[in-house]
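Everything below concerns the one structure shown next.
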Amino acid sequence: GCPLGFHQNRRSCYWFSTIKSSFAEAAGYCRYLESHLAIISNKDEDSFIRGYATRLGEAFNYWLGASDLNIEGRWLWEGQRRMNYTNWSPGQPDNAGGIEHCLELRRDLGNYLWNDYQCQKPSHFICEKERIPYTNSLHANLQQRDSLHANLQQR
């Protein structure tokens, strides 16, 4: 399953922030939650994230885990992973003013598409972590319960 506050889609769990942070702060916050800024690998994942963001009903924009901070125009996911799937808004990325280097999921005319944006600007963000297969998480919980039970019996 997924930790409290995370939402499941296939093998991943996603957390949609209610707070706004710069790109770097958002990445740090996701690490604190033992996750990373969301990486969108395919259309299915994109549809889930866009659908969930839309259902939240807030016209928020969200940081995703990619930038072209290293080489202008070379967009990579966190961990230097190449982008095999993209869903840029028409005319994006445009590096407006020469200072847009971080990937934002932007609500435009009621639809969520990708946009490059200034990394230091505050935005909402989406964290992603791998889902723990249910059997393992249940087993871990039972182990914790058993060791807790054993500790209590020793007292």
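Just so it is clear, glycine is given a Cβ too, placed from its N, Cα and C backbone atoms.
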Record Swiss-Prot, residue Cys30, disulfide partner from Cys119, Cys127: Cys127
From Cys13, Cys30, Cys127, the disulfide-bonded residues whose CA lies within 10 Å of that of Cys102 (disulfide bond): none
Structural state of Cys2 (disulfide bond), classified by DSSP into three states: coil
Residues of the domain 'C-type lectin' (9-128) by DSSP state, where helix covers H, G and I: 26 helix, 40 strand, 54 coil
Fewest-neighbour residue among disulfide-bonded residues, criterion Cβ within 10 Å, set Cys2, Cys119: Cys2
